[in-house]
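Participant: Sharing a structure here in structure tokens format.
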RNA sequence: GCCUCGGUGGUGUAGCCUGGGAACACGUCGGCCUGUGGAGCCGAAGACCCCGGGUUCAAAUCCCGGCCGAGGCCCCA
């Protein structure tokens, strides 16, 4: 063994110890239940894909974040940086599957970025994709699933912000910004919350927008009103659909969302509706979840044009937000019962194994203590590990056909006849 | 790509400014106590103070370079 090995996990990755892994699993399971309750089915795809596929519809910036490599046969591959493109591949290639399709996943993805709070190079996404529904009601369903999933895990005061790209684009172009500067303008507008109106106006001036035009543009954007003037056909369409999504959510699902024209979202494949979720009291974490409509992706990947809408929850961010809110209360216990043979004679040991097996079969977590330490040390260890009971087994017990059950919480112990052991422990566990 | 901070036993830290004995907590192991004192007390093991160079009689400490990490900007889950 070399002494020089780096024992930390690589930058941007992490280990999950039992308690953390448990929290992640519980949260993931609650999310899955919500996804499945809406009729979504799980899909699992490879960690790596052909590089060309991943590049197909990603912005240039995202392409640079792909972990790319060649396999031994020279194939150009890359680790998936999100799940939507791989799933679009499935949909594009499996035209035999009847639409609409409802898929979900809980999987790790990889991006070569500079790590920060809530930003990892390997992270988990839990998301859904809805293919074959072009109506705004599909977008509303996606938002509703997101809402229910976040509620199910106990996230408090989160805010869902919705937008349609075409509306902002319409307004920005209408204000007089040339088409080629649109991306820069959108980026500037996104800074509204962070740097304030004055900053945005001055930045827009650099893009050639007069101050009064910029101010009136900001007025419209800030209003979050669905009753604004649009100048283009796509803009009108976007506005109409956005209003429908908001209405459906409010009137049918009872979910209130905020219209925020600054939400644009980075991934290049969104074609209209977009949304984002941020949680209260989790500043600096970025968005917990996000999604939108991507009607072109399946065709870009080589399939027919199939409308689609989807979203992803950042599992690590969700966990961190939950723990910041103090909403991550889990009763984690690794061990329920510790079986301690006093001496390791064959008779005692086989009785200990039998006792442990009996309780394990009944669904309890049982450690059979086999290390050579004094009884008091072993009791101490069992207690620290969080076990509720210690079962002490030696010659005396064997002779009498009983076991000594020590309640490590109540500091009591009692001899219990073998046939009543499980009953005794089960009764004690629930107090 | 830019910026800030950091790297000291297994883990988390103090010490660094104002250079000279490497400390504390937890953890581990043991003794008091070879079938029940989970507490407590006592003890032990465990660190070439990230690497390399420089300054100095003397460097964990000051200086330079590198490597690694955590955050911020950008962007994003």
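Note: Cβ is positioned from N, Cα and C throughout, glycine not excepted.
Remember, predicted model here, so these are calculated numbers, not experimental data.
Straight out of TrEMBL:
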{"type": "BINDING", "residues": "A:82, A:83, A:84, A:111, A:125, A:129, A:265, A:269, A:270", "note": "L-histidine binding site"}
{"type": "DOMAIN", "residues": "A:11-341", "note": "domain 'Aminoacyl-transfer RNA synthetases class-II family profile'"}
Participant: If you count other CB atoms within 10 A of each CB, which of A:82, A:84, A:125 wins among these binding-site residues?
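Facilitator: When each Cβ's neighbours within 10 Å are tallied, A:84 leads.
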Participant: Looking at Cβ-Cβ distances, which residues of the chain lie under 8 angstroms from residue A:270 (L-histidine binding site) while being 6 or more apart from it?
Facilitator: A:165, A:292, A:293, A:294
Participant: So what's the mean pLDDT when you look at the domain 'Aminoacyl-transfer RNA synthetases class-II family profile' (A:11-341)?
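Facilitator: Averaging the confidence scores along the domain 'Aminoacyl-transfer RNA synthetases class-II family profile' (A:11-341) gives 89.
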